[in-house]
């Protein structure tokens, strides 16, 4: 097999793998820009994953499943936001609360509705449509890398572009960034920073709902704790991406690549499966420490 | 003349301390005038203006503009009524351009959803040109000077069609030229029919620019005058009230020995053009009070931090009893016996949620251990009881210090710092915002320290305090010492004022 | 003095409101989920108290929670976040097991001491790493502690199911440690063991350390107001590192105590929930080491109740997580405190 032969599938896969990170990180970015650290991403992804797949199964429609799943996620993010902002609770603790709520709620509902807390298979669900543009698909290398993914992949790219416009080219973006940078500036001109913080959280609910839907609908099944740390990694992706949408796209791709490569390596090197699972956390932690070292150097 | 703005019988009391910031205050402002609102720190000027701008609500009283009574619930309502406020510290978003900051909250749009940056810049450029500002709408806030930031704040209010502009201590952080430019701007605005309320405590400015003056003292209005009818001396008398004349003897010169000395201390920051501290050299000796004064923003705060070891210096050296202590840690400095009463009593000088008792042992908690390594509670209680009575602190030793009044918090700090003073103590703005009785108590303690042979450094922007207490007086201007003289009859308030404003400089040309 | 009492009153009422809200949510959940809500409620509330076995087990499951609660309280007192509790407990428990397995013939005292020490050091090193990064480069300890701990969970998983797996059974667990290392049961037939006495002593010592020693004093001052602490000559950097070491050590100890007292082996995922619950326990106890004891009992009660309802009725144990999340949501809500204070003044 030529080197091209195995590197192309790795890149192709990494593009699929990065999608949930990317979506969650873009939503988390909105919260971050409004001046809050959103550690609820993990729980929100889980909520989206669970509800989108069971609603899709119940209604028989992928689209309805996705929409209702997102709606549920936004609802949970609203609870998180309202308690944090209006009841003035500590955002870290309420973020943990959201994660705890998500893992509790999904287990309880899974048990109540399906009688099991294990894997829920939905074999009758149609697969996610994927995008194949016949002539373009034929382009060597690029065609193999960029086409043949499911629609969410392309949607996530569109969301990156929309996020960029929203942040840098709309009044909303200016006010959101203004809130994060100097809330007093907002108050001085009579704008309520709380509204923008809330929007920042609700948007993260939207994108995390979508991220969750990608995970389960792609699989046609719900696996308990399917978010498995993606929300936390997304949080670090936001920082590594320099808090810009395209930076996040790049950082998410690097993570996707790392995970894709370790999946690939598993095939012919004898690494215990648990180490493969630990790998994303290790590189994320390492990336975080390295970044803070670099930042510290620059400031001195 | 008909009054344009009328605030009637405004009262405002602050919750925790019960401080009456505004006590039945009535203010009249005429259309087209520059009205100076003057008074010492804590006289209630800013509170009154925050009420007018809707940031605070008064306990009682009414506000009317153009004869119409208004309820100003928030700054948006104030903007709608044509009132704009320029805060003392700029409230701008650093990452944005001038134009973006100005239009924030009232953005021009294109295609209904997009922020129209070009239009924003054009509109802001029009406001700038009309009012003859010198600033470019495309510049980022992080790239402009403090004086320009203030211009942006004014432009922001003009863009929102403000007719009445409130400026809160606008000159305190500006250089002389910037002040003149600001005044030109204000005169220009008056020509265009705007009205200005200028909050300040600098008398020369009041004389220079204002039409009428309202003087506040301790939350009340004490006088309203046409500027032309009064001179600075009279205003000053009204501001301070029947000033309590502290007449203290100066320290003996016999026992003086250098305790602390600064040699060519400078601080430079990357982005700032001129150094924040520029070649500061002076000695503080035993049996001496060294007074350092200046206008806020000229380096007093930084000098305070440097002496306290909380800010590293870029060059120069500091010696304590001839030993080099340049850039040693605050801990090491404390171990050498530094006693320090800081400007920021609430954040630095005390821990508000912590009990008085625990606040009192911050620097001496190692002395209260039993042999087994556990605190001796009896000894700590006894210690705090002794200090509470010795320093006449009105408060129980087990309550959080935050529940005490400002004067009593300062006494707790004083008690902690002075109780185990060795040979050196730093006071910074020790009486800021305190009543006369507390101030007097602090002065007595300071003199007691000097009598015991301690070297005292007093940093204060209050000239009277410096004049009454200091044996040697230094004045800072733009990060430099411009005067350093033994106090004497020739060193009057006026002379110091000239140094403070940079009109006189004893060390210019010296290197 | 007056002020102090009314503050305590406000705190108590706010806590009551939070806990009532949690119970309300649970009631609603049970009424929706359960076919036989009356029975479920009975088992939930009374289940843990109906016999010696349940009661003893409830106290027993409070043991690690007291330790993790103390660990979090130490960190919070110094304004540090340790979100790596789960991994630290897990790695601590594993280290203790590994030490015991390595010397099956050692004397009880020696073996237990070395194995507890190994757990404490393991936990301290893991959490200390995040403290070190924070001190040195201002790396956010909240995220780093979580990531490091999660990576470790998988690595420990690998050891338990791989090289240390007990070949004698099909369970995902190590072999049992030698019997001389087991803690004595004190309330048969339940699992409650003697370590509860030591854990209570540790809580009291922690209280003394925090409130009666100079290190505790300096640590608390750094937590409430770092600028004040620095101004007073306290080495603030030291108190970024030290509380994380303590926190990790206590978490590691929790894992060891669970292994030696209850499970006698390190089985896959035994630490699940102990770290997160430690945070809730510390928050309810308002970071007071003595109050950690009743707070841990409260959480043990909820878990035991949920377990009893699961065994005897028709709901699942995760209902406890939902109740806990409500506690998490409301426990720091400043608005509740402000509202109560304001009301008291108005009256």
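In case you wondered, yes, glycine gets a Cβ from its N, Cα and C as well.
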Which range of C:12-33, C:166-187 is transmembrane segment, per TrEMBL: C:12-33
Leading contact stretch, C:53-76, C:192-211, C:319-340 vs the transmembrane segment (C:239-261) - CB distance under 8 Å: C:53-76
Long-range Cβ neighbours of the transmembrane segment (C:116-135) (under 8 Å; 6 or more residues past either end): 80, 82, 84, 87-89, 91-96, 98-99, 141, 144-145, 148-149, 152, 237, 240-253, 255-257, 260
Top partner of the transmembrane segment (C:88-110) among C:12-33, C:53-76, C:142-160, C:192-211, C:319-340 - counted as Cβ pairs under 8 Å: C:142-160
Two-stretch contact, the transmembrane segment (C:53-76) and the transmembrane segment (C:319-340), at least three Cβ pairs under 8 Å: no
Spatial neighbours of the transmembrane segment (C:142-160) far in sequence, C-beta under 8 Å, 6+ residues away: 81-88, 90-91, 94, 98, 126-127, 129-130, 133-134, 172-174, 244, 266-269, 271, 275
Distal contacts, the transmembrane segment (C:319-340) - CB-CB under 8 A, six or more residues away: 10-11, 13-15, 17-19, 21-23, 25-26, 29-30, 33, 273, 276-277, 279-280, 283-284, 299, 302-303, 305-306, 309
Residue numbers, six or more beyond the limits of the transmembrane segment (C:192-211), whose CB comes under 8 Å of its CB atoms: 56-57, 59-60, 62-63, 66-67, 70, 73-74, 77, 182-186, 217, 219-220, 250, 253, 257, 260-262, 288-290, 292-293
Other parts of the chain folded back onto the transmembrane segment (C:12-33), taken as Cβ under 8 Å at six or more residues beyond its ends: 40-41, 44, 284, 309, 314-315, 319, 322-324, 326-327, 330-331, 333, 336-337, 340
